[in-house]
Amino acid sequence: MDKNFRVNTNDERNIWLSTAVNENLTMASSSSQPQPISSPFHQPENQVNRVNPGSHYYDLETLESSFGGLSFNDSSVGQNGDSIHLPRRTNQVFTGSSSGGAGDDNGYLLPPMGSHHHRELEELQRHNYLNQLRMSYQNDYAHQSYWYNTDGDGNGMLNNGFLNDVPSSSRDRVSDYYTNRFGYEGYNYWRGNEGFDYNQCQASFSAFAKDKEMSERLGMSIFQGTKETVDAIYNGLIGDICELMVDPYGSDVVQLLMRRCSSEQIVQLVDIVTQQMFQFVNICIDSLGTNAIQVLLTCINERAKDQIPRIVDVVRTVALQLSKSNHAIFVILACFRLFPLHCRLLLELIVQNCHQIAIDQHGCCLLQLCFNKDRVPNLEIRQRLIMEAIANALRLCLNCYGNYVVQYIVELNNRYLIDALVRQLIGNYAHLARNKYGSHAVQKLLKLRWIDSRVIVIDLLREIDTLLLDPFGNYVIQTAWFVSKDDVRRMLRYHIERNIPMMRCNKFGNKVLEKLNI
């Protein structure tokens, strides 16, 4: 067969055609006079074969008529390279309306009614119709062309079915993508033409919750469903609740579910989540899991208050681990915000380890958030933590993270707290000014307009000779110059002019002279 001659058909048609060819070969071999088999694809120009049911040419004519409904790459080229002229036809579906081998209006010759080939053709039509209907349902699912009501009313099935203009290749992609996606038999209940059956799908709820599309539908069922619906979903998810809390899609489903849970179900959730401490910590330090735990704390505060001491004690046990995570610190904050009367032991633990927490990258953020009244409304908790930070101010100012805690206290603009901080650091300002991190805290204190900067400047003058030449201290002296007035500035000028010869030989000293125009 010529390489340019290619049949573009489906596997079902190939089966029917191969059957016809085999029967034709059998009849030809049983004939009394052997003769070569004629090719059904080659027809001399202007030649018309009459249909004679009594000869083997009838089967050849039938086979040729069936191929007339197929498309070819080049219909003008025969097997032997000869040109043939056939009527221009497009792919059409056999209707079976003609009978007895008579041709229809388009020149098709169909098998006679009741013949073996006619039964094959009817079966092919039925198979193609069911296959098209199945792909139509799958296309509806892919484009969300359905509506669903969790209360039981509504059709719960796919309604679109408009696939007449969709290419076969597009339909196949839809079918391939959505076929047995998770390997769960229950998954088909979400895509079928029947309503959602919770009993049948209960074993696959976890798989649904982890899928993007299915989790949205599951969340809508939780949000709009009845108590029986919520209970069914709860029973299907409770076994994998810890895993779902840290899942990209399952976490949202769990949070919606917890907001609909009863007090007994909340208690059961607490039992499971706190059963193993390392698992609880892993959930808290996860970016998604921490949100789920915070929702659980909110639900405990609303519907299971008897569980408050228990959950706070669990958080206290692992508080130091949680304070070192940028996600888990919000669990501690949630306890301070929701359960201020039950957090005495937790507060004492944070206070006792204030320095250790403050010099941690994420612990310093925890303390700053605890100082914020919007985050921790309870004044007693805030004051206790702030005063403990002030007591450790000197060591904190020298740390790359701890100095941010001290600076945040300054930014609170509370005179009582700032006066306490200034007094706490007296005698150490020169030492802090020579430190990379401490110099920032000293400069921030000097810039406060409503405090008496004289106390800080006098402390700096004790070591002015070294500060003028120090990589960090020179910036503190420049700040002190601009914020000081009258007699304090005159004292600074005196010491600066006294050190001009030495400052001229040092790049940091020159910076001071250039900045002050001296």
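Just so it is clear, glycine is given a Cβ too, placed from its N, Cα and C backbone atoms.
As recorded in Swiss-Prot, the features of this protein are as follows:
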- 29-44: compositional bias 'Low complexity' (COMPBIAS)
- 178-518: domain 'PUM-HD' (DOMAIN)
- 206-235: repeat 'Pumilio 1' (REPEAT)
- 349-387: repeat 'Pumilio 5' (REPEAT)
Sort out the residues at least 6 away from either end of the repeat 'Pumilio 5' (349-387), same chain, that have Cβ-Cβ distances under 8 Å to it, and list them.
316, 319-320, 323-326, 329, 332-333, 336-337, 340, 343, 395-396, 399, 401-402, 404-405, 408-409, 412, 417, 420
Please average pLDDT over the domain 'PUM-HD' (178-518) for the predicted structure.
91
Could you break down the residues of the repeat 'Pumilio 1' (206-235) into DSSP helix, strand and coil, giving a count for each?
26 helix, 0 strand, 4 coil
